[in-house]
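Input: a single structure, listed below in structure tokens.
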Amino acid sequence: MIRRQTNDRTTNRRRPKLWQNCKNIRTLKQIHASMVVNGLMSNLSVVGELIYSASLSVPGALKYAHKLFDEIPKPDVSICNHVLRGSAQSMKPEKTVSLYTEMEKRGVSPDRYTFTFVLKACSKLEWRSNGFAFHGKVVRHGFVLNEYVKNALILFHANCGDLGIASELFDDSAKAHKVAWSSMTSGYAKRGKIDEAMRLFDEMPYKDQVAWNVMITGCLKCKEMDSARELFDRFTEKDVVTWNAMISGYVNCGYPKEALGIFKEMRDAGEHPDVVTILSLLSACAVLGDLETGKRLHIYILETASVSSSIYVGTPIWNALIDMYAKCGSIDRAIEVFRGVKDRDLSTWNTLIVGLALHHAEGSIEMFEEMQRLKVWPNEVTFIGVILACSHSGRVDEGRKYFSLMRDMYNIEPNIKHYGCMVDMLGRAGQLEEAFMFVESMKIEPNAIVWRTLLGACKIYGNVELGKYANEKLLSMRKDESGDYVLLSNIYASTGQWDGVQKVRKMFDDTRVKKPTGVSLIEEDDDKLMMRYLLSSEPESRSRGRIN
């Protein structure tokens, strides 16, 4: 029989009414001030309630909790656990490890709950070295047989890909807990081992919503669409998380139209969307260019906001609306939404600048100039957008200026995507020799996208010699892209060199290459695919001369 568990003894405890009514940081600070005035800061029990509220129950108060924690000379382990738990559960759990180090420096001994929180943070961040170090501490402190700690270890090792260690921990005692089953299933699915994940899922004695959602999400991440759909149809107790897994999974796998179809099923089933649903749907509309559905979603957001203090009015939703309108070509609407956002952050500016780059390049550059006037500090994404705008509007001199500005004024080191945008800009303008010299002078190794972009420009302007050189560079990097051969063949054909066309076709047949899968910033017809590459988090190319 699988037992239900909680991760902390304080999870369901009854709290004094004063703290139950503390719902915002302003009230929290008022209570803190009253405690100081009345000399209660030496009472660890009362201070613990304050720290608990700041860490776990008051939205946006975690930094305040850290500040309070720093001011307590001798916290007990319970107070430390409140702060660790809050940090581990937050969107940015990086501070959890340093908080644990501070706890040790103050001479506070950890308990079994302490390690569940730090291991959760290491799992979320996939910090293998830190997690292994904490595994060692667990052994030294004698908590390795504790059921909660063991589940946390299984979660950490499974999520970080150490499935052998996770399997060793997944013994009879661990199998009594559904958390351990879900962790193992998710770990195998995340690493693409769907058959093993499915085997565990089928063996699972009790499948709750979490287990079903984990398995469906795992299949979608591995692009096992049929398996995901089969599981989804079998599951009879779907919640909003289940629907979101399917909708976002289909969008991420390149099936935005099907994602909208699943949303219709969701509404027909009587399930109401949440913020995750809306974000995924707006992304689907942006990919499809489905302006009408995007407008209906916008109306739904506004109607929801008018009747309640809804989560839909947060910055991520406004950013997604701006992105959707810009990518659907509704520039005025995108700017209108942007102007209406009261709490703009850098991502709001970037969303508009990047979104306008393809369809309204002048507007993108104007927004960047406005951003500078308002002293909003740009980042790497900002400059991808503004250089791309210069590329699509033929503003080569301005593009050069912004590339230099990025390094000289803002101390942002260009990455491979900035270099790719510059090559794209010079290539579109027909300045092929300068584009070539720019590639040769790059401080990091050019990747296939850079060379393919130069090759695409050579095709447009009929530069056979430079095209051959770019193609040789591409083939030396990988020999399985037929698109590279097609581009070179087209260069020969455009200049009437039919013997060259025949040579390329023979090379193509001899190497038996695959169909094209790469991207050329110039040749790529689908601008949205290009944007997904530029804004993806793909690993950077190596620095020249660097040994890895």
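Glycine residues also receive a Cβ, built from the backbone N, Cα and C atoms like all the rest.
According to Swiss-Prot, the protein carries these features:
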type	residues	note
REGION	450-525	region 'Type E motif'
REPEAT	76-110	repeat 'PPR 1'
REPEAT	111-145	repeat 'PPR 2'
REPEAT	146-176	repeat 'PPR 3'
REPEAT	177-211	repeat 'PPR 4'
REPEAT	212-238	repeat 'PPR 5'
REPEAT	239-273	repeat 'PPR 6'
REPEAT	274-308	repeat 'PPR 7'
REPEAT	314-348	repeat 'PPR 8'
REPEAT	349-378	repeat 'PPR 9'
REPEAT	379-409	repeat 'PPR 10'
REPEAT	415-445	repeat 'PPR 11'
As a test: from 76-110, 146-176, 212-238, 314-348, pick the stretch that has the greatest number of Cβ pairs under 8 Å with the repeat 'PPR 7' (274-308).
314-348
Six or more residues beyond either end and a Cβ under 8 Å away: which residues meet both conditions relative to the repeat 'PPR 9' (349-378)?
319, 322-323, 325-327, 329, 331, 334-335, 338, 384-386, 388-390, 392-393, 395, 398, 402, 406, 410, 412, 527, 531, 535
Per DSSP, what is the residue count of the repeat 'PPR 7' (274-308) in each of helix, strand and coil?
31 helix, 0 strand, 4 coil
By DSSP, how many residues in the repeat 'PPR 3' (146-176) are helix, how many strand, and how many coil?
23 helix, 0 strand, 8 coil
